[in-house]
Amino acid sequence: MPTFVDPSKCDGCKGGEKTACMYICPNDLMILDPEEMKAFNQEPEACWECYSCIKICPQGAITARPYADFAPMGGTCIPLRGSEDIMWTIKFRNGSVKRFKFPIRTTPEGSIKPFEGKPEAGDLENELLFTETALTVPQVALGQKAQIADAETSQCWFDLPCEGGNR
């Protein structure tokens, strides 16, 4: 569902150098027409369909044209974003309207602690990665030989010398 700008609603973010939709578009598709001072999607086929431009537009000038299997040709999708949820309004070409409301977040903002319980970063001399913990050799296995079928010599942990000269 690529996005389209309604020129009658777009005010070019009050004549600024960069509109909100230009700022937020990850694919740099939204541009400002310097003559009319209206934003538009320069390549709708390349739209990633993230709908960031729709959600950020202060005038509600950007809409998504839904795929035919979702809403028949001529329909539009319009979001209304609140602080806790987003409501999508689907206008069908016959005039009927349906609304769907979804939460924006399922966890309180700031409640996720991704590095909790992880070691402190900054030890560049450590051979372990940031998230790795040191692995130790099991005490039971130290000094015991591990028999490997069809091997010429037996192998053991490297803490003690192995018989047969292999290390």
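Yeah, the Cβs are placed from backbone N, Cα and C, and that goes for glycine too.
Positions annotated as domain '4Fe-4S ferredoxin-type 1' by Swiss-Prot: 1-35. Note on the domain '4Fe-4S ferredoxin-type 1' (1-35): residues 41-54, 56-67, 70, 77 of its chain, located 6 or more positions outside it, place their CB under 8 angstroms from a CB of the stretch.
Sequence annotations record features per position, and here Swiss-Prot assigns [4Fe-4S] cluster 1 binding site to C10, C13, C21, C57. Neighbour count (other Cβ atoms within 10 Å of the Cβ, all protein chains): 22 for C10 ([4Fe-4S] cluster 1 binding site).
Secondary structure at C53 ([4Fe-4S] cluster 2 binding site), as computed by DSSP, is helix. Its Cβ placed at the centre, C53 ([4Fe-4S] cluster 2 binding site) has 25 other Cβ atoms within 10 Å. Among the features that Swiss-Prot reports, [4Fe-4S] cluster 2 binding site is placed at C25, C47, C50, C53, with the record citing experimental evidence.
With a cut-off of 8 Å between Cβ atoms, the residues of this chain six or more beyond the domain '4Fe-4S ferredoxin-type 2' (38-67) that come close are 1-7, 9-13, 19-27, 29-32, 75-81, 86, 90. Summarising the annotation, Swiss-Prot assigns domain '4Fe-4S ferredoxin-type 2' to 38-67 and lists sequence analysis as the type of evidence.
What Swiss-Prot lists as site 'Important for interaction with AprA at the substrate channel entrance' is E152 (among others).
The annotation site 'Important for interaction with AprA at the substrate channel entrance' is assigned in Swiss-Prot to D159 (among others).
Swiss-Prot lists E163 (among others) with the feature site 'Important for interaction with AprA at the substrate channel entrance'.
Under 8 Å, Cβ to Cβ, and six or more positions away along its own chain, C57 ([4Fe-4S] cluster 1 binding site) finds A20, C21. Cβ-based neighbour count (10 Å, all protein chains) for C13 ([4Fe-4S] cluster 1 binding site) stands at 21. The Cβ centroid of C25, C47, C50, C53 marks the [4Fe-4S] cluster 2 site; residues of that chain outside this set whose Cβ lies within 8 Å of it are T3, C21, I24, P26, N27, L29, M30, N41, W48, E49, Y51, S52, I54, given in sequence order. The helix, strand and coil residue counts that DSSP assigns across the domain '4Fe-4S ferredoxin-type 1' (1-35) are 9 helix, 7 strand, 19 coil.
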